[in-house]
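Notes follow once the structure below has been shown.
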Amino acid sequence: MLHHLNNAPYGSGIRGRFAPSPSGCMHIGNALAALLAWLQIRSRDGVFVLRMEDIDTARCRPEFARQIIDDLRWLGLDWDEGPDVGGPCGPYVQSERLQLYEDALNRLQAGGRLYSCYCSRHDILAAAAAPHGLASEGPVYPGTCRSLSPEEAHRRSMTKSPSLRFAVPTGEISFTDGVAGHRRSSASAGGDFIVRRADGIFSYQLAVVVDDALMGITDVLRGADLLDSTPRQLMLFEALGWKLPRYAHVPLLMGPDGRRLAKRHGGITLAELREAGVTPQTINGWLAWAAGLLPEPVQVSPQELLLLFELGRISRKDIIVTSDMLGLLHPSLKQ
Ligand code: GLU
Ligand code: ZN
């Protein structure tokens with residue numbers, strides 16, 4: 001029958017992912033992004049992918065990757081493709097995908113989109129016209145090495161191995177974020193950014209674009225800390241001739257001090273909560289309530305949230321987690 005011919009191999013053709021960096025234990029802020037990404041995809045009958053972003057090998061450890069997988073399963077989340085279950089777009093661990101990053105880099109290089117940069121961090125700080133760059137990535141690179149003469153580049157390469165930078169085009173980048181709404185910035189706002197560090201490590205920006213493209217990701221949902229990385233990723237997608245995913249950046253959990261919730265705020269890793277006897281249902285309900293999906297922090301499973309999920313209901317503002325709110329997770333967290 002005709003309609004069978006149109007059946008995509010997987011449900012709706014929607015593909016999303018959760019892409020943690022195994023550089024520490026999962027805390028409730030990471031759990032919020034994971035839960036919302038899962039809900040977005042599962043509520044539309046899509047395929048959910050788990051990818052370990054361990055490209056920065058010095059900061060990542062396999063024990064954390066195992067712990068993250070345990071924590072996600074404990075919360076009640078599941079995935080169709082991932083490091084532990086395999087799938088058609090593997091490997092699902094960045095440190096096993098280096099050849100793919102190299103290939104993409106070579107294509108960018110061949111297209112004249114990259115150049116070698118010999119600047120040290122200190123040079124950049126000293127030369128940076130603007131005192132601040134993208135919140136996520138230090139000062140704006142002023143483009144010093146973009147126009148080095150071949151002789152000069154050769155001379156500098158005798159004493160220093162270069163990083164590789166993507167030469168950002170002129171013009172504007174705009175996109176519509178599923179939570180943050182319409183975004184528009186000049187392509188050069190963040191400066192020419194690194195795609196491979198001087199020590200040979202591929203940058204997050206490059207690796208994430210290669211992976212999202214080759215894993216066929218249609219919908220990226222992640223924390224708002226990465227909102228200002230998105231224009232860079234869009235530029236890489238375009239330079240590599242790949243189809244752009246849709247993006248949704250969800251609010252971060254912030255401590256009462258106005259800083260991003262982190263270990264220093266204490267007692268907020270899933271391992272600690274689990275140890276203290278907090279149930280996954282309590283955590284899921286609390287997260288859904290904090291994000292604006294539930295009017296009260298009742299106990300629920302991720303499944304029970306599926307019908308409630310709508311991107312439009314997620315709060316646009318960062319979520320300040322007070323000690324009273326933490327007390328609803330576990331009395332011992334209320335100071
Ligand atoms: N690996 C990144 C992180 O843990 C997330 C990357 C992404 O979602 O694009 O912060
Ligand atoms: Zn430079």
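Just so you know, glycine gets a Cβ as well, placed from its N, Cα and C.
Just so you know, TrEMBL annotations never went through curation; they're auto-generated.
TrEMBL annotations:
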DOMAIN    14-282  domain 'Glutamyl/glutaminyl-tRNA synthetase class Ib catalytic'
BINDING   ARG17, PHE18, ALA19, PRO20, SER21, GLU53, TYR204, ARG222  L-glutamate binding site
MOTIF     20-30  motif ''HIGH' region'
BINDING   CYS117, CYS119, TYR141, CYS145  Zn(2+) binding site
MOTIF     260-264  motif ''KMSKS' region'
Using the Cβ center of ARG17, PHE18, ALA19, PRO20, SER21, GLU53, TYR204, ARG222 as the L-glutamate site position, which other residues in that chain lie within 8 Å, going by their Cβ?
ARG51, MET52, VAL208
Cβ distance under 8 Å to CYS119 (Zn(2+) binding site), same chain, sequence separation 6 or more: which residues?
ALA127, TYR141, THR144, CYS145
Is the motif ''HIGH' region' (20-30) packed against any residues at least 6 beyond its ends, judged by a Cβ distance under 8 Å, and which are they?
52-54, 56, 59-62, 64-65, 67-68, 71-72, 223, 252-253, 260-263, 268-271, 273, 283, 286-287, 321, 329
Other same-chain residues whose Cβ falls within 8 Å of the Cβ centroid of CYS117, CYS119, TYR141, CYS145, the recorded Zn(2+) site, in sequence order
TYR118, ASP123, ILE124, GLY143, THR144, ARG146, SER163, ARG165, ASP192
Take the Cβ of TYR204 (L-glutamate binding site) and count every other Cβ within 10 Å, whichever protein chain it belongs to.
23
Counts of helix, strand and coil residues, the motif ''KMSKS' region' (260-264), according to DSSP:
2 helix, 1 strand, 2 coil
Work out the three-state DSSP category of CYS117 (Zn(2+) binding site).
strand
Closest of the binding-site residues to CYS117 (Zn(2+) binding site), Cα to Cα, picking from ARG17, ALA19, GLU53, TYR204, ARG222?
TYR204
